[in-house]
Structures are given as C-alpha cells and as structure tokens.
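Remarks on the structure that follows.
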Amino acid sequence: MKAIVFAYHDIGCVGINALTKAGFDIQAVFTHTDDPNENHFFSSVARLSADLALPVFAPENVNHPLWIERIRELKPDVIFSFYYRDMLSEDILSLASTGAFNLHGSLLPKYRGRAPINWAILNGEVETGVTLHKMVLKPDAGDIIAQYKVAIAETDTALTLHGKIREAAEKLFDQVLPQIKAGIYPAIPQDESQATYFGRRTAVDGEIDWHKSATEINNLVRAVTEPYPGAFTFLGERKITIWRACPLNETHDKQPGTVLSVDPLIIACGKGTLEIINGQSESGLYVQGHRLAVDMSMVTDVRVGPKATTQINHRKRVLILGVNGFIGNHLTERLLRDGNYDIYGMDIGSSAIERFISNPRFHFIEGDINIHTEWIEYHIKKCDVVLPLVAIATPIEYTRNPLRVFELDFEENLKIVRYCVKYNKRIIFPSTSEVYGMCDDKEFDEDDSRLIVGPINKQRWIYSVSKQLLDRVIWAYGEKEGLKFTLFRPFNWMGPRLDNLNSARIGSSRAITQLILNLVEGSPIKLVDGGEQKRCFTDINDGIEALFRIIENREGLCDGQIINIGNPTNEASIRQLAEILLDSFEDHELRDHFPPFAGFKKVESGSYYGKGYQDVEHRKPSIKNAERLLDWKPTIDMKQTINETLDFFLRGAVEELGKN
C-alpha cells in the first residue's frame with residue numbers, strides 16, 4: 001500500500017518506523033526544517049528518512065498547487081500525518097483512495113489543537129493518551145480509528161509524559177496499522193458535545209500568576225519546564241525561571257507572591273504555598289531553591305510577581321487578524337517600534353512575522369478565523385482595538401472563487417464586527433478603494449462619491465460589494481448601537497512582502513508581484529487590455545504611518561470616520577509601472593542571475609482573469625480626510641517603492657536559486 005507521510009518530531013519518527021515495520025510503501029515524507037533547539041531533545045524526521053533512503057521534502061507551503069500536483073502524481077493509497085505542524089488542504093486529503101489519518105496526542109475529542117501534552121498537565125489531568133483518527137478539513141475532528149490511554153503521574157513533566165506518549169503510539173501503531181492495510185478498521189464519530197480546543201502556547205504564557213493555587217502553579221511549572229522555556233516570575237525587573245517545585249498544603253495570611261522562607265525557598269500562593277526546588281536567574285546557573293534566593297538577594301516578605309514596569313504602564317492591546325499578511329506584518333513592526341502596544345495576532349502562517357516571534361509584546365497563534373472562533377471572541381473581549389485584516393484581495397480570485405470571497409470577506413468578518421459590538425470594542429476595518437467601483441469622479445471622496453459597480457454577471461464585483469456592505473453594516477452599528485469604528489480605504493499599497501512569487505505563479509497576486517515574476521522567470525510581461533488602466537501607488541511605509549495614526553486616534557478624531565489612504569501624486573498606468581520596473585530590473589546588481597527580458601504582451605482581460613471580469617480605468621483618492629484627521633501626507637516617490645520592492649523579491653529569488 002503506497003503511503004505519503006507528513007511528519008515531525010519524535011512521534012513522526014515513531015510513525016515512520018511503524019509504517020516500515022508494517023510493510024507500507026512510503027513514497028515520500030514531508031517534514032519541517034529541523035530546529036536545533038528541538039532536535040537536542042527530539043529525533044529528526046529528516047535524518048531518519050535519509051537513513052531509510054526515503055524521499056524527504058520540507059516545503060514552506062505544502063498546500064501550494066505545485067506540491068499538490070506532485071503528490072497527485074505519486075497516487076498514494078493512504079496519507080498519514082504524525083505531528084506535522086501545518087494543516088493539510090482538502091485538495092491533499094482527497095488524493096488518498098483509502099483515506100488520510102492523523103495521530104493526535106490526546107484522547108479526542110478532548111484537547112484538540114496544539115500542545116495537548118502541555119495543556120493536559122497544566123489543567124491537572126490524570127489521564128491522557130493518543131488517538132489515530134481520520135483527517136477531515138476541521139482539525140482533529142474526524143472519526144476515531146484507535147486510542148491508547150496513558151496515566152499522568154503527579155511528578156510527570158511535559159518531557160516525561162512525551163516519552164509515555166511515544167511508547168503508547170508504538171503500541172497503538174502495532175495494533176491498528178495492519179487493520180488499515182487490510183482495509184478493515186473501526187471508525188467511531190467523535191462526540192462534538194465533548195470537544196475541547198486549545199491553541200498554541202508561547203514562552204510568554206509561562207508567566208506565573210501567584211493568585212492561583214500552589215497546585216495550579218506547580219502544574220504550570222511541570223507543563224513548561226525543560227526542554228520548554230519554563231515558568232517564570234519577576235523580582236522587580238529581574239526575571240526568575242522556576243524549573244522544579246513542590247506544592248505545600250500550608251495556610252498563610254500573606255499576599256500571593258510573598259517570600260515566606262528563603263531556606264527552603266517558599267512562596268505564598270492564592271491557596272497554599274510553593275517550595276522552589278530548582279530555579280535560575282536570567283544570567284545565572286540552574287541551582288537549588290535556597291541558592292537561587294541567595295543569588296537574587298531575596299529576603300523574607302519580599303514579593304515576586306509581574307515585572308515592575310508592566311505594573312506601572314498599561315500598553316494598549318491590539319488584535320490583528322491576518323497578522324502575517326502584507327499590511328499585518330508591516331503594521332506589527334510599526335506598533336512594536338513605538339513601544340506602547342501589545343499585539344495579539346492570528347494567521348494561518350507565520351513566514352512574514354518570524355522576526356517578531358521572540359518579542360515579548362507580540363503574541364501569535366497559528367489559526368484560521370473560520371475555525372478558531374472561541375479564541376477570536378476571547379481576544380476581542382481582551383483587547384482594546386481590533387483590526388480584521390483577513391480577506392481575499394487578489395482580482396483573479398474574484399472571478400475564480402466568488403463564493404469563497406463572499407464567505408471569507410463578508411460572512412466571517414461580519415462575525416468579528418458583531419463581537420466588537422457585543423463587547424464594546426473599537427474596530428478599525430479595512431475597506432478598499434474597490435468600493436468606489438466605476439465612480440466617475442476625478443478624485444474619489446469618502447463622504448460624497450458614488451459607489452458604482454457593474455452588472456450581476458460581472459462577478460469580479462463580489463469583492464467590492466462584500467466590502468461595501470460591511471462598511472454599511474459597521475456604519476449602522478455605529479449609528480444605532482454606538483460601535484466605535486474607523487474605516488480605512490487603501491489605494492494600491494505596495495512594497496516588500498506584497499504577496500510572494502509562488503502566489504504569483506498561480507496568478508493569485510497583485511500587479512507588481514506578477515510583473516516581477518515575469519522578469520525573474522524570463523516570461524513576457526502580460527499587459528491586461530494593454531495596461532492602460534491608471535492607479536495611484538502608495539508606499540507601504542506611508543500607508544502604515546497613516547494606519548498607525550488611526551490606531552493612536554488622538555483626541556478621538558478618527559471615531560466614526562472613513563479615511564482614504566493613498567498617494568494621488570503617484571498616479572501611473574500599469575504599463576508605466578511595468579516600464580519603470582523593467583528599467584530598475586535592468587540596472588539591478590543581481591540582473592545577471594535572471595533570463596533576458598521576454599518583452600511585453602498584450603492580453604484581453606477576459607482571457608487573463610476569466611469570464612465575469614470588468615476593469616476600472618482610473619482610481620485616484622481624495623486624501624482630505626487623512627490630511628485633516630491624521631495630519632498626514634504621503635512622501636515616498638513611486639520609483640523608490642518600486643526599487644525597494646524589486647530588490648526584496650530579487651534577493652529572495654537568488655537565495656532560492658542557491659538552494660536548488
């Protein structure tokens with residue numbers, strides 16, 4: 001039976017060995033690039049695959065059409081996923097004739113999602129296990145094929161429990177893989193009423209809340225001790241990591257976090273006390289508790305807890321959905337640079353925001369707004385400002401996937417708007433210059449211009465009207481129920497990290513990225529309808545500065561406002577954009593790495609975008625509102641933006657060439 005395997009970590013190695021033992025014909029293994037911090041503790045799927053002479057790949061996006069086609073060509077009978085960290089698309093899951101199976105580290109339907117072992121210890125569970133289940137589009141929700149239970153001891157840590165889970169997985173595979181190979185296996189539907197979901201944990205989640213009971217705090221210590229970053233607290237500004245502790249059933253009359261004794265080191269909790277067995281200062285060694293107290297100059301009755309400065313300054317909390325996108329990642333950079341914001345972000349990937357992951361003011365979860373509704377509602381309730389930036393915003397998708405555009409851009413975002421109403425939170429909503437449609441004004445004005453779109457059979461307008469309808473709904477909630485909002489309308493923002501060349505290869509990108517791909521691959525630059533359409537191109541840094549000032553909202557000037565953010569002086573046709581880009585390409589220091597220019601090629605919009613497309617001849621913003629409300633004007637010339645964008649993509653392309 002031919003198998004494709006998606007695997008990572010120790011469990012991935014266990015799964016591959018079990019499949020080999022059971023006689024499966026492994027056609028290919030997909031994994032992730034090894035993290036040396038993890039491989040110090042856990043085995044490498046890539047190395048095991050190499051030792052077994054199995055084809056192994058580590059694509060950045062396995063759901064890309066190119067990889068889907070390669071998997072289709074292998075004609076797998078079955079697909080297995082063992083601790084692979086990316087969600088597999090329906091297109092991949094449908095390729096296996098026998099089905100797709102995933103091993104999950106809990107007794108489903110409990111503890112769906114990420115880090116189930118850590119969460120089980122944290123929540124004080126006494127039992128967990130492993131589950132092999134059928135894979136469906138919703139994560140961890142398919143029919144259960146087999147389970148194996150594991151007891152959690154009071155002394156178990158995430159590492160020791162992982163060892164038990166590994167042994168349980170081996171036993172489960174020995175039992176069930178022959179059944180799958182024979183095509184005779186049970187499939188029990190999950191009880192959705194019993195389902196629980198937990199998201200990804202990050203290092204900042206290890207901060208100790210001393211108001212909790214000693215048992216709860218000790219569970220946190222056990223859940224995140226080595227090889228994880230550890231549970232931590234602060235003595236003033238100095239960080240203390242607690243690696244091992246013991247809860248004591250002692251009563252006291254002190255404030256939580258008070259040091260009751262230094263030898264042994266005992267700290268008061270909301271209920272009971274906690275003896276610190278081993279710990280470490282930020283710059284010190286792993287030591288016993290009483291030695292830690294000496295190193296930190298602790299005395300009886302001193303208090304540990306949150307970092308001193310965080311108790312003084314309350315930073316504004318900003319929720320960004322779609323944080324890995326073009327606007328999201330640049331906005332995150334600007335907010336972190338300011339220093340007065342904590343950012344909570346969600347996206348289905350993290351390629352553009354890896355540079356922020358270690359920042360303590362950036363909190364990221366990998367997830368899908370279609371699925372992680374509980375997480376979203378909780379963080380809307382928790383945060384001060386909400387920016388729902390998730391949308392399909394590439395023209396070819398408007399005609400290729402109009403219903404998906406409507407479902408994501410309107411229906412899913414409407415849920416977020418209603419949560420903001422429910423919890424009285426400020427929403428900054430990304431409208432679009434597309435809402436103006438075929439407006440015949442010389443400049444598009446937020447307050448007076450007509451919003452004109454084409455006939456129903458021109459499906460490209462589904463994006464425009466989805467956004468426009470949400471604009472109207474948000475405005476109505478503001479008028480009738482007091483929703484605090486600002487609508488901003490970007491006009492052709494561009495710069496580094498706008499889409500990527502892989503998305504351009506399947507036509508799902510904005511204009512400049514598509515043009516750069518043509519230059520990189522030596523294919524003709526296609527000018528849709530001759531490229532005579534005019535746009536006003538705005539540098540991402542100009543755009544983000546305006547958006548940052550909307551978030552600041554000094555004196556509340558942006559409340560209830562619609563604000564165009566564009567650069568009217570950077571007006572050019574698509575053909576002119578292509579010509580400037582070509583000149584910059586020919587002058588670039590990396591030019592010799594790429595094929596000769598293949599010329600311009602005029603194509604009709606119908607053949608390029610498909611049936612149902614209709615274009616707009618010009619789109620120039622009035623920016624009076626931005627000037628008046630934000631004290632903002634764009635300053636960056638289009639040629640500078642083109643040069644920086646081209647340089648970013650060319651260096652990335654050369655780096656890829658070096659890998660291949």
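Cβ coordinates come from backbone N, Cα and C, glycine included.
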* Structure fact -> NAD(+) site partner of D368, I369 according to Swiss-Prot, chosen from D347, D384, is D347
* Asked: For the (6R)-10-formyltetrahydrofolate site that Swiss-Prot gives with V136, L137, K138, P139, D140, which of R114, R166 also belongs there?
  -> R114
* Within 10 Å of R535 (UDP-alpha-D-glucuronate binding site) by C-alpha distance: pick out those among the recorded positions N102, D140, I369, R619, and say none if nothing qualifies. => R619
* NAD(+) binding residues D347, D368, I369: largest Cα-Cα distance, in Å and rounded to whole number -> 8
* Among all the protein chains here, how many other CB atoms are within 10 A of the CB of K526 (UDP-alpha-D-glucuronate binding site)? -> 17
* Asked: Just going by other Cβ atoms within 10 Å, which of the binding-site residues K138, R535 has the emptiest spot?
  -> K138
* Asked: In Å, rounded, how far does the Cα of E532 (UDP-alpha-D-glucuronate binding site) sit from the Cα of P139 ((6R)-10-formyltetrahydrofolate binding site)?
  -> 46
* To do: Report the same-chain neighbours of D347 (NAD(+) binding site): residues 6+ apart in sequence with Cβ closer than 8 Å to its Cβ, ordered by sequence.
  => L321, G322, V323, N324, G325, G328, I353, F364, E366, G367, V390
* By CA distance, which of the recorded positions (H104, K138, D140) lies nearest to S433 (UDP-alpha-D-glucuronate binding site)? -> K138
